[in-house]
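What TrEMBL says about this one:
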type	residues	note
DOMAIN	1-159	domain 'Kinesin motor'
BINDING	G49, P50, T51, G52, A53, G54, K55, T56	ATP binding site
Amino acid sequence: MYVPPQILCGTFHTVFDDKTSQAEVFSSSVEPILPHVLKGQNVSVFAYGPTGAGKTYTMLGMNSDPGIIPRVIQALFKAIDLEKTSPLKDGMSQPPQFQVTFSYMEIYNEKVHDLLVSSHQDLPIREDASHNIFVADLTEKSIDGFKPFMSHFEPAARN
(Lines of atoms letter the chains of each structure in order from A and count residues from 1; the text may use other names and numbers.)
(Lines give C-alpha, C1' and ligand atoms only; values in the text may rest on other atoms or scores of the structure.)
Protein backbone atom coordinates (compact mmCIF):
# COMPACT_ATOMS: atom_id res chain seq x y z
CA MET A 1 0.00 0.00 0.00
CA TYR A 2 1.37 3.42 -0.96
CA VAL A 3 1.45 6.00 1.81
CA PRO A 4 1.96 9.56 0.54
CA PRO A 5 4.66 11.60 2.29
CA GLN A 6 3.55 13.80 5.15
CA ILE A 7 4.74 17.28 5.94
CA LEU A 8 5.32 17.73 9.65
CA CYS A 9 5.87 21.17 11.13
CA GLY A 10 7.65 22.18 14.28
CA THR A 11 9.00 25.31 15.84
CA PHE A 12 12.68 26.10 15.54
CA HIS A 13 13.41 27.78 18.83
CA THR A 14 17.01 28.77 19.44
CA VAL A 15 20.65 28.33 18.52
CA PHE A 16 23.10 28.48 21.41
CA ASP A 17 26.81 29.13 21.19
CA ASP A 18 29.53 27.33 23.13
CA LYS A 19 29.52 29.95 25.89
CA THR A 20 25.87 29.32 26.85
CA SER A 21 25.51 27.64 30.25
CA GLN A 22 23.41 24.54 30.88
CA ALA A 23 21.23 26.60 33.23
CA GLU A 24 20.62 29.21 30.52
CA VAL A 25 19.62 26.60 27.93
CA PHE A 26 17.22 25.05 30.43
CA SER A 27 15.67 28.29 31.68
CA SER A 28 15.17 29.80 28.23
CA SER A 29 14.08 26.80 26.19
CA VAL A 30 12.76 24.06 28.44
CA GLU A 31 11.49 25.44 31.72
CA PRO A 32 8.73 27.51 30.03
CA ILE A 33 7.09 24.36 28.62
CA LEU A 34 6.99 22.40 31.90
CA PRO A 35 3.59 23.79 33.00
CA HIS A 36 2.10 22.01 29.97
CA VAL A 37 3.32 18.68 31.35
CA LEU A 38 1.43 19.25 34.60
CA LYS A 39 -1.72 19.75 32.53
CA GLY A 40 -1.23 16.32 30.98
CA GLN A 41 0.18 17.46 27.65
CA ASN A 42 3.07 15.69 25.96
CA VAL A 43 6.15 17.77 25.24
CA SER A 44 9.37 16.93 23.43
CA VAL A 45 12.78 18.55 23.41
CA PHE A 46 15.21 17.68 20.64
CA ALA A 47 18.89 18.43 20.41
CA TYR A 48 19.89 18.38 16.77
CA GLY A 49 23.21 18.96 15.09
CA PRO A 50 26.33 17.40 13.65
CA THR A 51 28.63 15.03 15.52
CA GLY A 52 30.63 16.90 18.12
CA ALA A 53 28.21 19.83 18.41
CA GLY A 54 27.43 19.12 22.08
CA LYS A 55 24.00 17.47 21.88
CA THR A 56 24.83 14.72 24.37
CA TYR A 57 26.48 17.13 26.78
CA THR A 58 23.50 19.50 26.56
CA MET A 59 21.02 16.73 27.31
CA LEU A 60 23.03 14.81 29.94
CA GLY A 61 25.50 17.28 31.41
CA MET A 62 27.73 16.17 34.27
CA ASN A 63 27.12 15.67 38.00
CA SER A 64 28.60 19.11 38.66
CA ASP A 65 26.60 20.78 35.85
CA PRO A 66 23.45 18.79 35.03
CA GLY A 67 22.04 18.84 31.52
CA ILE A 68 18.47 19.28 30.33
CA ILE A 69 17.22 15.80 31.22
CA PRO A 70 18.17 15.80 34.94
CA ARG A 71 17.06 19.44 35.27
CA VAL A 72 13.65 18.60 33.78
CA ILE A 73 13.10 15.74 36.22
CA GLN A 74 14.15 17.86 39.22
CA ALA A 75 11.90 20.74 38.13
CA LEU A 76 9.00 18.42 37.35
CA PHE A 77 9.00 16.77 40.78
CA LYS A 78 9.43 20.15 42.47
CA ALA A 79 6.34 21.40 40.58
CA ILE A 80 4.40 18.24 41.47
CA ASP A 81 5.25 18.66 45.17
CA LEU A 82 4.11 22.29 44.97
CA GLU A 83 0.81 21.27 43.31
CA LYS A 84 0.18 18.61 45.95
CA THR A 85 0.79 21.01 48.85
CA SER A 86 -1.00 24.05 47.39
CA PRO A 87 -4.50 24.95 48.54
CA LEU A 88 -7.18 23.08 46.61
CA LYS A 89 -8.50 24.88 43.56
CA ASP A 90 -12.20 25.58 43.06
CA GLY A 91 -14.23 22.39 42.76
CA MET A 92 -11.43 20.09 43.89
CA SER A 93 -12.03 17.85 46.88
CA GLN A 94 -8.53 16.39 46.99
CA PRO A 95 -5.07 17.28 45.66
CA PRO A 96 -4.29 16.25 42.09
CA GLN A 97 -2.74 12.85 41.51
CA PHE A 98 0.30 12.46 39.27
CA GLN A 99 1.84 9.45 37.59
CA VAL A 100 5.23 9.98 35.98
CA THR A 101 6.66 7.53 33.49
CA PHE A 102 9.60 7.99 31.19
CA SER A 103 11.26 6.36 28.23
CA TYR A 104 14.74 7.04 26.99
CA MET A 105 15.56 6.54 23.35
CA GLU A 106 18.04 7.66 20.75
CA ILE A 107 17.47 7.99 17.04
CA TYR A 108 20.76 7.37 15.28
CA ASN A 109 21.20 6.64 11.58
CA GLU A 110 17.39 6.56 11.28
CA LYS A 111 17.13 3.74 13.82
CA VAL A 112 15.39 3.99 17.19
CA HIS A 113 17.39 2.56 20.10
CA ASP A 114 15.82 1.95 23.52
CA LEU A 115 18.47 3.14 25.97
CA LEU A 116 16.71 1.65 29.01
CA VAL A 117 16.97 -1.87 27.58
CA SER A 118 20.02 -2.19 25.37
CA SER A 119 18.66 -5.31 23.60
CA HIS A 120 15.76 -3.25 22.17
CA GLN A 121 17.30 -1.90 18.96
CA ASP A 122 15.85 -0.68 15.67
CA LEU A 123 12.36 -0.29 17.11
CA PRO A 124 9.51 0.56 14.72
CA ILE A 125 7.71 3.90 14.80
CA ARG A 126 3.95 3.40 14.54
CA GLU A 127 0.72 5.36 14.42
CA ASP A 128 -2.42 4.26 16.25
CA ALA A 129 -6.05 4.66 15.12
CA SER A 130 -6.20 8.11 16.76
CA HIS A 131 -3.13 9.25 14.79
CA ASN A 132 -0.86 9.21 17.84
CA ILE A 133 2.73 8.43 16.95
CA PHE A 134 4.60 6.00 19.21
CA VAL A 135 7.61 3.71 19.26
CA ALA A 136 6.52 0.09 19.52
CA ASP A 137 8.12 -1.91 22.37
CA LEU A 138 9.82 1.14 23.87
CA THR A 139 10.44 0.57 27.58
CA GLU A 140 8.55 2.79 30.02
CA LYS A 141 9.53 3.18 33.69
CA SER A 142 7.35 4.62 36.45
CA ILE A 143 9.14 6.95 38.84
CA ASP A 144 8.10 8.89 41.92
CA GLY A 145 11.12 11.14 42.40
CA PHE A 146 14.56 12.17 41.20
CA LYS A 147 16.49 9.32 42.87
CA PRO A 148 14.39 6.55 41.29
CA PHE A 149 14.80 8.34 37.97
CA MET A 150 18.58 8.45 38.31
CA SER A 151 18.70 4.74 39.19
CA HIS A 152 17.38 4.01 35.68
CA PHE A 153 18.87 6.97 33.84
CA GLU A 154 22.54 6.75 34.86
CA PRO A 155 23.05 3.20 33.55
CA ALA A 156 21.00 3.98 30.42
CA ALA A 157 23.08 7.09 29.67
CA ARG A 158 26.08 4.83 29.24
CA ASN A 159 24.34 2.85 26.46
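Each Cβ is built from the backbone N, Cα and C atoms, and glycine gets one as well.
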Residues close to ATP site centre defined by G49, P50, T51, G52, A53, G54, K55, T56, Cβ within 8 Å: A47
Among G49, G52, G54, the most crowded of the binding-site residues [Cβ within 10 Å]: G54
Those binding-site residues listed as T51, T56, and which of them has the most Cβ atoms within 10 Å of its own Cβ: T56
Per-region confidence, the domain 'Kinesin motor' (1-159) (mean pLDDT, whole number): 88
Least surrounded among the binding-site residues, given as P50, A53, K55, when other CB atoms within 10 Å are counted: P50
